Each structure stands twice: as structure tokens, then as C-alpha cells.
Amino acid sequence: MMKVKVAINGYGTIGKRVADAVSLQDDMEVVGVTKTRPDFEAKLGAKRYPLYVAKPENVELFERAGIEIQGTIEDLLPKADIVVDCSPNKVGAENKAKYYEKAGIKAIFQGGEKKDVAEVSFNALANYDEAVGKSYVRVVSCNTTGLTRLIYMLKTNFSIGRIRATMLRRVVDPKEDKKGLVNGIMPDPVAIPSHHGPDVKTVLPDVDIVTTAFKLPTTLMHVHSLCVEMREAVKAEDVVSALSEEPRIMLISAEDGFTSTAKVIEFARELRLRYDLYENIVWRESIGVDGNDLFVTQAVHQEAIVVPENIDAIRAMFELAEKEESIRKTNESLGIGKVF
């Protein structure tokens, strides 16, 4: 079987993880990655993958730094069947207009891009089939991925009504040193809704959801607190049972020491490379029912949760596998599933 040739444009927080995940699959391979600047990530990336320069005008910088490059993004794209764009917010749309459309290449974009950059916004559990055969797909953001997975499982197993979700957002990724929030809690935005609810509706258009969001001075994970109106009587144990059937949702317990996101990440450091958590991390004790309202609290590792979604999007776009088969293969390759 011919493997799908994948280019990664942007070998950063998401890009390097997607590259490594692609390398674990038996039906796709990395043909090259790009960097804009000759920094330490570029030096390490060049040791693992063919390295190309994302901005052709920066070639001389790489040469002066002594980093071996194979060319520019314009040299890479003809060697690939698809490009996974992991550029900063809004740069993906620029790359589409400047490079991808001209090269006639399929492309996957990340959640920082506007929805109209692609033909479909994607989550493997919720709408895999909508991406089948498409040329441009947008994998929704880390927060939206976490919300969508959980809501999809709830609406698949129960009759649900209005959803209210509060997003407690990490302020920046751990490596960022140019911005942040050292002391304070920032409503983001102050007015409702935050963008997360409308973004969920790009994947699950029939969901009634409103979200608010706050930035907190932490870098480890996001936390979501959901209140879901249930249209039928339900017990907490029924929800626990339903969620436990989905490998991409990990149920944890405070009784086991998971008392904060710090403890969750410490667990992840023992579990996987780069302490990556691809799953929604749901506190079992947080699942509770009060009248018609279901409450759930989950944590989302923003650096990793979208990685399996990118892999499944590639399979859908090239019609390599049906939904269940793709998700199974991705889960097995990344070690997603029962941990305890």
C-alpha cells in the first residue's frame, strides 16, 4: 500500500507532535517539516526529519546557522500529498492563498484559523464522515476538541438540552516567554459568549450551548466546567458508564491523587513522551446530577489533544479507513485507551 506523504508546515508545539504521530502510522509518512527561524527546534527537527524553510527569504539565516536544509516550502509541497499547517493563528489562511492553492495540495488547518479557511471543521468522533474526500479541513482547537468530544458522547447516549460551559484557560503554552498573565484572572472575553460555543456548533450545529472563558496564570492545562440540561432522568453512574466506553475520554479520581492539573501532568510525565495527554481528562467525582442538570469537570492538555484528530483527518480526506477503523488505528499507535 502506498503511504500518504505528509508535509508539516510549522514544526512547533503542535507540528512536532503531529509529525511524530504520523511517523507511527502504517499508512502515512512524513516527507518534510518546516521552520521559520533557525532555533533549537529547527536544529532538533533537522535530525529527525527533512527540514525546509517556511519563509524562503530566511534561507540565508539557516545557512549561516549551519543547519542543513532541503529547500523551502515551495520545494517541499510537490513532494507531499497533503500539508498539515501548524502555523500560528491566521498564518494558515495566508499559506493557503500563497502556497497550497497554487500547488493544488490538500491541507489541514488548526483551530486558530477561521472556519471558512476549510470545507469542514473536524472532530473524529463527531463528524468524521463529513471530511471524507475533502481537500481542506480544519481541526478545531484544543478547547473545542475537548468540548465536542464530551458533548458528542452525552448527546449520543442521552437526551440533552442547553449546555452552559465555563472555560478556565491556561494563559500560554509552557515554552512561551513573550506573553502571559503573571498575577490575575482575566475574563476573555468579558462579554458573553466566548468563541468556544460557536466553534462547537461548526461541528455539532444542533447543539444549544453558551460558553464563558477566563485566562488563568497557569501553563499546564485548560479546565472546563459544564452544566448540561438533561431532558430525561439520568443518574451520575449512567454518565460515568457511558463516558468510560470512549477511549479518548479518561476518567480519573481525586482519591487517586488527581487533585489538580499539576498532579494530572505529573502523572502524564510518567505515562508518555512530552507528558502528552490526548484524552479528555474527566474527574469522576465531578459527574453529578442536581434536578435536571448534569455537572461535569474536565481538563484538556492543549499541547496534545488535537494530535489524534489530525491523524484521523488525514485518513478521512484520503478515504483510507472508515471512522471506527481510523480511530482504532490512531488510538493503538498513540497508546490511547485504558491506562489503569
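Cβ coordinates are placed from backbone N, Cα and C, and glycine is handled just like the others.
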* Per Swiss-Prot, which one of G71, G112 shares the NAD(+) site with T13, I14, R170, Q302? -> G112
* Asked: Which state, by DSSP, holds I14 (NAD(+) binding site): helix, strand or coil?
  -> helix
* Structure fact -> Least surrounded, by Cβ count within 10 Å, of the binding-site residues R170, H196 is R170
* Asked: In Å, how large is the greatest distance between any two Cα atoms among T13, I14, G112, R170, Q302, the listed binders of NAD(+)?
  -> 16
* R170 (NAD(+) binding site) versus G197 (D-glyceraldehyde 3-phosphate binding site) - Cα distance in angstrom -> 18
